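According to Swiss-Prot:
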{"type": "BINDING", "residues": "8, 9, 10, 11, 12, 13, 14, 15, 16, 17, 18", "note": "ATP binding site"}
{"type": "BINDING", "residues": "188, 197, 200, 203", "note": "Zn(2+) binding site"}
């Protein structure tokens with residue numbers, strides 16, 4: 001039996017990964033992390049989506065100690081969420097240091113226990129938001145460290161790594177779940193479900209990608225299929 005663990009936040013990217021995993025694996029588990037995020041609604045959204053999509057099990061793990069160590073506008077009310085600024089440089093205030101190191105490692109431990117072969121994450125380098133822990137180089141390095149530390153060949157899969165946001169929308173549409181992704185996921189840094197606030201960087205990236213896909217659905221779909229091997 002093919003088992004996978006999806007690192008699941010209830011946002012656009014991880015929900016798209018979950019939808020695909022349910023098509024490609026016999027048994028899918030989700031792991032969501034409570035890291036003291038300021039918008040607790042994302043945990044509720046993740047629980048609702050995992051239940052409605054029919055995953056085998058959904059674990060919410062407490063890693064709130066991360067909030068004590070890593071200050072970020074996603075975890076601290078006194079650090080404002082910045083509006084989208086294409087000229088911004090350096091690490092954004094929304095970066096949570098060590099978050100994906102913790103998430104992927106804990107998900108790997110869970111995968112080890114249930115004898116899953118893959119950990120799936122929505123990390124993406126193409127629409128790079130300044131997060132070093134979303135880079136392909138980082139994921140591969142951590143995957144190697146996990147396998148060495150556990151003496152087991154686990155795979156950290158990143159189905160969206162080389163897709164832009166328009167192609168991520170196309171992938172959702174390929175699996176006939178674009179409306180669910182658009183209206184029921186929570187990607188917004190200000191905690192607004194669906195199309196979000198429209199002002200933060202996450203909402204801007206999501207809306208721009210949807211617009212690009214809707215303008216050229218056939219060509220974007222073909223490019224997504226070429227990149228993912230779904231053609």
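Note that Cβ sites are derived from N, Cα and C of the backbone, with glycine treated the same way.
What Swiss-Prot annotates, mapped onto the structure for a quick look.
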{"residue": "8", "record": "ATP binding site", "Cβ neighbours (10 Å)": "32"}
{"residue": "10", "record": "ATP binding site", "Cβ neighbours (10 Å)": "24"}
{"residue": "12", "record": "ATP binding site", "Cβ neighbours (10 Å)": "26"}
{"residue": "14", "record": "ATP binding site", "Cβ neighbours (10 Å)": "24"}
{"residue": "16", "record": "ATP binding site", "Cβ neighbours (10 Å)": "27"}
{"residue": "18", "record": "ATP binding site", "Cβ neighbours (10 Å)": "24"}
{"residue": "188", "record": "Zn(2+) binding site", "Cβ neighbours (10 Å)": "24"}
{"residue": "197", "record": "Zn(2+) binding site", "Cβ neighbours (10 Å)": "15"}
{"residue": "200", "record": "Zn(2+) binding site", "Cβ neighbours (10 Å)": "22"}
{"residue": "203", "record": "Zn(2+) binding site", "Cβ neighbours (10 Å)": "20"}
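The two recorded residues, residue 14 (ATP binding site) and residue 188 (Zn(2+) binding site), show a Cα separation of 14 Å.
For the recorded ATP site, residues 8, 9, 10, 11, 12, 13, 14, 15, 16, 17, 18 set the reference point as the centre of their Cβ atoms, and the other residues of that chain within 8 Å of it by Cβ are 6, 122, 185. DSSP assigns residue 18 (ATP binding site) to a helix in the three-state reduction.
Note on proximity: among 10, 16, 18, the binding-site residues of the record, the Cα nearest residue 188 (Zn(2+) binding site) is that of 10.
Per Cα geometry, 12 is the residue among the binding-site residues 10, 12, 16, 18 nearest to residue 200 (Zn(2+) binding site). The binding-site residues shown are 8, 10, 12, 16, 18; of these, the one with its CA atom nearest the CA of residue 203 (Zn(2+) binding site) is 12.
Distance from the CA of residue 197 (Zn(2+) binding site) to the CA of residue 16 (ATP binding site) is 21 Å. Annotation note: residue 188 (Zn(2+) binding site) sits in a coil segment as assigned by DSSP. Secondary structure from DSSP puts residue 8 (ATP binding site) in coil. With respect to their backbone Cα atoms, residue 12 (ATP binding site) and residue 197 (Zn(2+) binding site) stand 15 Å from each other. If you measure from the Cα atom of residue 8 (ATP binding site) to that of residue 197 (Zn(2+) binding site), you get 21 Å.
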